[in-house]
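Copied over from TrEMBL:
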BINDING   Asp16, Trp17, Glu19, Asn21, Glu30  Ca(2+) binding site
BINDING   His78, His204, His208  Zn(2+) binding site
TRANSMEM  31-49  transmembrane segment
TRANSMEM  61-81  transmembrane segment
TRANSMEM  93-111  transmembrane segment
TRANSMEM  118-137  transmembrane segment
TRANSMEM  143-160  transmembrane segment
TRANSMEM  172-190  transmembrane segment
TRANSMEM  205-225  transmembrane segment
Amino acid sequence: MEDGLSSFWGPVTSTDWCEKNYVYSSYIAEFFNTISNVPGILLALIGLVNALRQRFEKRFSVLHISNMILAIGSMIYHSTLQHVQQQGDETPMVWEMLLYFYILYSPDWHYRSTMPTFLFFYGALYAVVHALFRFGFGFKVHYIILCLLCIPRMYKYYIYTKDVSAKRLAKLYVATLLLGSICWLSDRVFCKEISHWHFNPQGHGLWHILMGFNSYFANTFLMFCRAQQREWNPKVVYFLGVFPYVKIQKPKSQ
């Protein structure tokens, strides 16, 4: 939304969300949509530290790093509202989903070298095409399809997991996804009405926060499931009794 101070970055060339621009600074277009990515960065950093400390497979370190890159890209996009920066936000979203696809399906993939090779070239080709052409609606459809492709495998992991705490992580993943989607849609669909309110609930900013937790819950659940496959005796434990993470006990031979 227009209004506010003068813009350091120039005219808006990207998708503009339901938050008044440059209200608090000439350098930050959408203040709340920018800072709401900070929890996602911190949660991904916590997940990365846990993955490295317990020597999980490198795929999980890469996954947490990709979460951080995505959140940082989103901060840059919302602080500038420029088309190039929007592409820098959207392309990592696709890469991240390809990484989730690999983590979910690779354990049962017989030709192990083919999947990462295909996904790498697919991600590279998408980045080139997305840099050359604008397809806002097409991007959303493509991203939703990638998400839907991951759901059957996540559901399989859920029904085969007997641990109650691990199942709770999966439920939190679904709950944050649904709540976040409602916030995203409300901000997008009812922006005209919201603009007349005295208070903007910052639906897109809430989406960022909820998706930060959503990614953390998903990653932690997948780490638990992978540790089960590797027979690392995983347990979901809680820091200060509220914050979940996976603790494993590898055989001495590993």
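Just so it is clear, glycine is given a Cβ too, placed from its N, Cα and C backbone atoms.
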Per residue, counting other C-beta atoms within 10 angstroms of the C-beta, which of the binding-site residues His78, His204 reaches the highest number? His78
Drop a 10 Å sphere on every Cβ of the binding-site residues Asp16, Glu19 and tell me which sphere holds the fewest other Cβ atoms. Asp16
With Cβ-Cβ distances below 8 Å as the criterion, list the same-chain residues six or more beyond the ends of the transmembrane segment (61-81) that contact it, or say none. 9, 12-14, 16-17, 21, 27-30, 33-35, 37-38, 40-41, 43-45, 47-48, 51-52, 88-89, 92-93, 95-96, 99-100, 103, 208, 212, 215-216, 219, 222
Could you check if the transmembrane segment (31-49) is in contact with the transmembrane segment (205-225), meaning 3+ Cβ pairs under 8 Å among residue pairs at least 6 apart in sequence? yes
Top stretch by Cβ pairs under 8 Å to the transmembrane segment (143-160) (candidates 93-111, 118-137, 205-225) is 93-111
Given the Zn(2+) site residues His78, His204, His208, which other residues of that chain have a Cβ within 8 Å of the mean position of their Cβ atoms, reported in sequence order? Trp17, Glu19, Glu30, Phe32, Asn33, Thr34, Ser36, Asn37, Ser74, Gly205, Trp207
For the transmembrane segment (118-137) and the transmembrane segment (93-111), does the number of C-beta pairs under 8 Å, pairs 6 or more apart in sequence, reach 3 or more? yes
Beyond the flanks of the transmembrane segment (205-225) by at least 6 residues, Cβ under 8 Å: 19, 32-33, 35-37, 39-44, 46-47, 51, 56, 60, 63-64, 67, 71, 74, 100, 103-104, 154, 157, 161, 163, 166, 169-170, 172-173, 176-177, 179-181, 183-184, 187, 234, 236, 244-246
Sequence-distant contacts of the transmembrane segment (93-111), meaning Cβ under 8 Å and at least 6 residues beyond its ends, amount to 59-60, 62-63, 66-67, 70, 119, 122-123, 126-127, 130, 142-143, 146-147, 149-150, 153-154, 157, 218, 222, 226, 229
